[in-house]
Amino acid sequence: MKQYLDLCKRIVDEGQWVNNARTNKKCLTVINADLTYDVGNNQFPLVTTRKSFWKSAIAEILGYLRGYQNAADFRALGTKTWDANANDNQAWLNNPNRKGQDDMGLIYGALGRAFPKPSGGHVDLLKQIVEDLSNGIDNRGEILTFYHPGAFDLGCLRPCMYEHHFSLLGDTLYLNSTQRSCDVPLGLNFNMVQVYVLLALMAQITGHKPGKAYHKIVNAHIYEDQLAPMRDIQLTREPFDSPKLIINPEIKSLKDIETWVTLDDFSVEDYQHHDAIQYPFAV
Ligand SMILES: Nc1nc(=O)c2c([nH]1)NC[C@@H]1CN(c3ccc(C(=O)N[C@@H](CCC(=O)O)C(=O)O)cc3)CN21
Ligand SMILES: O=c1ccn([C@H]2C[C@H](O)[C@@H](COP(=O)(O)O)O2)c(=O)[nH]1
């Protein structure tokens, strides 16, 4: 939580204004931030200086792992966070590749679970990584990537957290996640939860202890209409101790994640938080 507040404060104090053409909004921006989450010691990085809708964040990462590409599937899992990008962005509505209401196109898991090979066909990156790690193999390239520049015009948004690299040291699993662009008031509140949950789940289904997750952010920004609530409300609040995340131990395989896991398989204990803050969302 302190790392998050330090980053928010750094943007407020040192950020530079950048015009963003896609959203037509100005962003107060810094370059490079490195956050670390101690998953092995259950230091769940949930924001406490406002109410965080952590279930929505977990629904998003489950949807990515399942390769979803439709906002209705994300809603069925328990989050509406993809509705606006699928249905309200004019550039995507005008794109001939959009296949109707709720279509998000070829993004995130839709790519990572079926990454096109130059020689033809696809590779399921996640399945391969789970197989390797389950057999104790780390080939120094256990990389789940969602980044395919050749597919940008086929999806509603380029992936923000675009790469997850897993590593084994003895019986402990580590994760390095990379994010190219970060909406710190809204997106990061979710992305911290997602990096944590991804390592915890992957360790659980591959039979390893979770270690640390390292989260690299390149462009970290606050949109102009989010600055006042961040600076004048959220940053004036004292954080509470971090809560604990409990994951159903019956989740034992990638198939389990693909077939029966729901948000009921996750719970948070001892979550003390300040009141909710509604931040504007840039589509
Ligand atoms: N501008 C922007 N920021 C983002 O963080 C973002 C995008 N676009 N587009 C793709 C996804 C969608 N994400 C979202 C979308 C909405 C919320 C949101 O509205 N959060 C509210 C309420 C969530 C709820 O009730 O479930 C919040 O207070 O956190 C968060 C992340 C993250 N990503
Ligand atoms: O997981 C996510 C997804 C998206 N974001 C934010 C970062 C940016 O504010 C927008 C994406 O806009 P681009 O013009 O494609 O950079 O969404 C996030 O923080 N986390």
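Cβ coordinates are placed from backbone N, Cα and C, and glycine is handled just like the others.
Taken from TrEMBL, the feature domain 'Thymidylate synthase/dCMP hydroxymethylase' covers 2-283.
Taking a C-beta cut-off of under 8 Å and a sequence gap of six or more, His221 (dUMP binding site) has these contacts in its own chain: Ile11, Gly15, Val18, Asn20, Cys27, Leu28, Thr29, Val30, Ser181, Cys182, Asp183, Val184. Per TrEMBL, the feature dUMP binding site maps to Arg22, Arg180, Ser181, Cys182, Asp183, Asn191, His221, Ile222, Tyr223.
What TrEMBL lists as active site is Cys160. Around Cys160 (active site), a 10 Å sphere centred on its CB holds 19 further CB atoms from the protein chains shown.
According to DSSP, Cys160 (active site) is assigned to coil rather than to any helix or strand. Among the features that TrEMBL reports, active site, nucleophile is placed at Cys160.
Taken from TrEMBL, the feature (6R)-5,10-methylene-5,6,7,8-tetrahydrofolate binding site applies to Asp183, Ala282. Taking a C-beta cut-off of under 8 angstroms and a sequence separation of 6 or more, Ala282 ((6R)-5,10-methylene-5,6,7,8-tetrahydrofolate binding site) has the following same-chain neighbours: Asn20, Thr23, Lys25, Asp183, Tyr223, Asp225.
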**Message:** Based on a Cβ-to-ligand 1 distance below 6 Å, what subset of the binding-site residues Arg22, Ser181, His221, Tyr223 would you report?
**Reply:** none
**Message:** So if I take the recorded positions (Arg22, Cys160, Tyr223) and measure from each Cβ to the nearest atom of ligand 2, which come out below 6 Å?
**Reply:** Arg22, Cys160
**Prompt:** Roughly how many angstrom lie between the C-alpha atoms of Cys160 (active site) and Arg22 (dUMP binding site)?
**Reply:** 14
**Prompt:** Where among the binding-site residues Arg22, Ser181, Asp183, Tyr223 do you find the Cβ with the fewest other Cβ atoms within 10 Å?
**Reply:** Arg22
